[in-house]
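Look at Swiss-Prot and you will find 12-32, 42-62, 81-101, 141-161, 179-199, 218-238, 245-267, 288-308, 330-350 tagged as transmembrane segment.
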Amino acid sequence: MFSKIIQSYAKGNLIVQICIGIALGILIGISSKEISEIANLLGILFTSALKAIAPMLVFILILTSICTKDFSQSGAKIKNIIILYIVGTFFASACAVLANFFFPVKLVLDGVQTATNSSPTHMSDIFKDLLFKIVDNPINALSSGNYLGILTWAIAGGIALKHCSNEAKQVFIDINEGVLKIVKFVVKLAPFGIFGLVANSVAQTGAQGLLSYVKLLILLVATMLFVTFVINALIVFFYTRKNPFPLIFICLRHSAFFAFFTRSSAANIPVNMALCAKLGIDKEFYGISIPLGATINMAGAAVTIAILSLTAANTVGIEISLLQAFLLSIIATFAACGASGVAGGSLLLIPLACSLFNIDYDIAMKVVAIGFIIGVIQDSVETALNSSTDVLFTAICSKNELNYNIK
């Protein structure tokens, strides 16, 4: 009986389960403060599990990605689209930073009063702080959640191991798969954690806490739409000197629509390949560029990482300098490139960006947990942007005469 319940839950739709968790959390939060405090234990356990697995995930994910990927035999077109993917992701990240400056959002969180809200403001202090974090002991970086140190050692390890044997690389691939399975298990428990977090938030802050979540979601979605219709349109126009919107709407209709519901760039690869074939793009090109885009073209993820990191900074009262904003855009770009193929990958990389501002690790993980709450919509829009941009950039880099008459 009990095993059947577990199997039924494991096979259930995560979105539906999260929605049920949110609804029950609101009801409990309104009806009973005592029960909400008990339910909050589930939220604490969930955020603790995320805190435990996130450093190892970032380290293994980035190390394995650098160690195993080989672009040495890529042609000029592939090199061009790699550059375009990274540039597009950077512009999306920079756009998210600007959006947060114009429309800052503050979250209502417990324990913000005790958070570390001091951040270096002078350029020399910023670089000194960054350097000390970068050269941190790797074991200490993993245990303390120093994500800049983790990122540094992961990149260094990936480069150092790039020329090791295929058998050694397979070991890291297997370890990576094992860590991803643990992450998948933790994310599958999200409905319980979200239930506890929402119940406690409603009981402690009332509608004010939920309203801040809605504001954050609106900012995220609006920024992603701006990237879709303005940033991407400008990139296409400057690259082709043609009206970008016919191609953009084809990509939205035939790629973004499906990606919105699958919530997976990898799962949308066959859809994107079929669309590229209809557009008349060379198979030899899109056969490489589309799977590659599903791996490193993460404009939506960059938006999520940048906005949620700055929201965490706003919440604890940290003033962000222009230099820090620029560094955040770079960090969010490369962090987003490592977020592919991971359930909630962009959310789990938020502490990496938060470490730039000396934001308390507990506060960063509370923001991650809120990201899972709004992720019902955020993740769908993020994936739609990521996946449709794969086809968009593939089309303009292909140099083929495109077929716009697609039904």
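Quick reminder: no glycine exception, Cβ is built from N, Cα and C everywhere.
Looking at which of 12-32, 81-101, 141-161, 179-199 has the most CB pairs under 8 Å to the transmembrane segment (42-62), the answer is the stretch 179-199. It is 288-308 that, among the stretches 12-32, 179-199, 218-238, 288-308, forms the most Cβ pairs under 8 Å with the transmembrane segment (81-101). No contact links the transmembrane segment (218-238) to the transmembrane segment (179-199), because fewer than 3 Cβ pairs that are 6 or more residues apart lie under 8 A.
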